[in-house]
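As given in Swiss-Prot:
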CARBOHYD  N110  N-linked glycosylation site
CARBOHYD  N118  N-linked glycosylation site
CARBOHYD  N177  N-linked glycosylation site
CARBOHYD  N196  N-linked glycosylation site
CARBOHYD  N345  N-linked glycosylation site
SIGNAL    1-20  signal peptide
Amino acid sequence: MSFNIWWLILYFSIVCQAKAHYSLRDFKANIFQVKYQWKYFDYNFGSDEKRQAAIQSGEYNYKNNVPIDVDRWNGKTFVTILRNDGVPSSLNVISNKIGNGGPLLEPYPNWSWAKNQNCSGITSVYRIAIDEWDRLWVLDNGISGETSVCPSQIVVFDLKNSKLLKQVKIPHDIAINSTTGKRNVVTPIVQSFDYNNTWVYIADVEGYALIIYNNADDSFQRLTSSTFVYDPRYTKYTINDESFSLQDGILGMALSHKTQNLYYSAMSSHNLNYVNTKQFTQGKFQANDIQYQGASDILWTQASAKAISETGALFFGLVSDTALGCWNENRPLKRRNIEIVAKNNDTLQFISGIKIIKQISSNIYERQNNEYIWIVSNKYQKIANGDLNFNEVNFRILNAPVNQLIRYTRCENPKTNFFSIFL
C-alpha cells in the first residue's frame, strides 16, 4: 500500500469519526434508562395502620420528600431524602413493593436509625459514598428543614451485615463557619488507600469550606478558600423558564483515583476547580500552602453533582441546560474540551446526585468498559417554588453505560482513542 493511499484512508476515517461524533451526540439522552421513577415518595411502614398513624402525627407528608443522591451495592439501591417535617427517614433503600407514587422506600439499616432519638441515629443525609471495602459512608448534617437539631456526623456501616462500624461527631468548631455561624455538610468523597488509611473530603455548602477527615486517627481539619464561595453573578438559576435563587458554595465533588485530583466547584458559580489530595495525605500540611487550581467562568451555567470515570471523564449536571456535561482530565481544562453528552428537558431537570458504578458481568468480553453512570433528577426549580404537580412523574433515577455516553466525544481519553484527538 502506497504512502498516499494510507493517508487517504486515514483522512476518511477521521472524517467518519467526526461525522459520527456530531450525529450521535444528539441521541445520547436515549442511552439513559429510567430505572425508577416517582410522582412522590412513600415508605414501607409495615402496615396500613402504621402509615395512617404517621400521616396523622405529621411524621409523613408526601409533599415534603425530596431525593438527592443514589448509590448501588450488591443489588441494593440507596436513596437519600432531605429531612424535613413529614420526612420519616433520610437514608433509605428501594424496596420491591410499589405504592401509588412509585416504589416504596425502607429506612437503612432500620427504622430505629430513622427515629434518631437523642441524636443517636441519622437526621438528614444529602449524599453518601461506598468504598472498595464494602463500607457505606454516611454524611449526616444534623439539620431538619432550616433547624439544626443534632451535631453533624460521619456514620459508617458494613454493607455485608448492615452493622455499625463507626459513628464520629464532627467537632463544632470544624463543622461550623465561625464568622457566619452557618453549616451544611452535603457531600462526602472517600479516598481509601487501605482499610484504615482512609480519608473523607466533605463539602460545606453554606459554610463555604472543605473539611478533611482522617479515618486512621479520627482527626478533622477545616479549610477555606475563595474557590469554595459562591459568585454573586450566578445566584439566579433558571430551569425550563422557571427561576429560583441560591447562594450555594462548594457542593459537587469527584476524586480521580489516577491523578488524586479532587474536582469541585461552588454551586453558584461557572467555575471548575481542583486540588491535588497528595498535599493532604502525604504528611502534615499547612492550610496556607495548599494549591488550588482550576478555571474561572469556564462553564456557561451552574454545575451540580459530579463523578469521574476510570478513564478520567468527569461528569457534572449542567443546571440550566437540563443536561449532563463532561470533560476528560487528560485534556487541557478549556471550554472547547467540555461536552454535553446527554440532554433532556423532561428527565434531566436538575441532576442532584451522580455515581459511577462498576457492573460485574459474567461475560468475559464485557468485563472491560463496565462502568455505569447513575443519576438522580428532582425538578428542584419546582421544589424551590412550591409548584410540584404530584399527579405526574417528578423524580427519577436513570443509568447509562459510560463508554457509550462518551464515545466519539472529547470526553474519551485521547491517550487510548487515536481518533478522538481530532474531535
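Cβ atoms here come from the backbone N, Cα and C positions, even for glycine.
Note that the structure is predicted; figures quoted are calculated from it, not measured.
N177 (N-linked glycosylation site) has N118 as its nearest neighbour among the glycosylation sites N118, N196, N345, going by CA to CA distance. The sparsest Cβ neighbourhood within 10 Å, among the listed glycosylation sites (N110, N118, N177, N196, N345), is found at N118. Nearest to N118 (N-linked glycosylation site) in space, judged by Cα atoms and limited to the glycosylation sites N110, N196, N345, is N110. The DSSP secondary structure for N196 (N-linked glycosylation site) is coil. On a Cα basis, N196 (N-linked glycosylation site) lies 26 Å away from N110 (N-linked glycosylation site).
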